[in-house]
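A.B. asks: Structure below; questions to follow.
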Amino acid sequence: MEKDITEHKPLNSTQVAQTSILIDSLKKRPYQKIGQLVVKLGITKPEISERTFYRLIDKLFVIYGIKIRFDYSIGGYFIDEKESSNTESFLSHIEILATAELFTSNFEDKSNPLSLVEFETKAITATIPNFKIVLEAIQKNLPISFIHNSFYHRKEEEYTLKPYFLKQYQNRWYAIGETEKGYRTFGIDRIENITIGTKKFKPKTEEAKEKFSNVIGLNYVDHKLETIKLSFHSSQKPYLESLPLHRSQKEINLENGETFDIELRIHPNFEFRQQILKYGSLVKVLEPKWLAEEIKEEQRKAFERY
């Protein structure tokens, strides 16, 4: 069913805060009753609490595609992941809005100066002009042409790209799309002289997302899908559980309490190898054997540098 967004305005600052609390609460503990949720949302007037709650969850679905349902068998509300569009991206979006609102309100108070907050050295604002242009091109299904400064090859090249979507990775934004030579990824902080073309293209966004969903990071490879088994020191378990290496990550060898063993289903690429190498002696590749030998060889080379 088509979503009618004409009757719904974007979330205001109060609703942003309420949404952040609501989604976080239902993620941690699904099937809560409406009485529990409205208290957490800070809705104190009983006569408007339920109406406000229903209006909020209706807006979340109509505008953002996030479906919160009531389970009659259990008697509580939950996030219907099957009926919802990308909940993780939405949560990131809400986190940005909530943080912006926090800064706006706190900096009205002179006792909270900017010196209390430390940002990355290179401000994200440097990429905003390119971000806006690329996003506009994606929305209009128009190609972009630009000069790309490659860190790896240390040279500038001209490209024309059909941009399909934007992806954030390690505090940088990347445009993912298709050139005449296939799928490519470009850091938008490394492109210059960007212009939007006039000839529309048919987007292949879902196909592109599917291809990149089975890799870690941004480097798409045509390598076959592999089952990777890794054994980590038990100290790494809470970190890997709270921030998995990949969405396919699942724990294996549960009877072994001395290590934390996981299985991944991915196309092994450069970023994945970097992730493994950064753990050093805290990880061992169990399968496949060719990958274990490859990582062993890289560790040998690193050892010889000392």
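Even glycines carry a Cβ here, placed using N, Cα and C.
Since this is a predicted model, take the numbers as computed values, not measurements.
Pulled these features from TrEMBL for this protein:
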DOMAIN    130-196  domain 'WYL'
DOMAIN    226-302  domain 'WCX'
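I would like each feature placed in context: is it buried or exposed, what are its neighbours, and how far apart are things?
C.D. replies: Sorting the domain 'WYL' (130-196) by DSSP state (H, G, I as helix; E, B as strand; all else coil) yields 14 helix, 42 strand, 11 coil.
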A.B. asks: Please count the residues of the domain 'WCX' (226-302) that DSSP assigns to helix (H, G, I), strand (E, B) and coil.
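C.D. replies: Across the domain 'WCX' (226-302), DSSP assigns the residues as follows: 35 helix, 24 strand, 18 coil.
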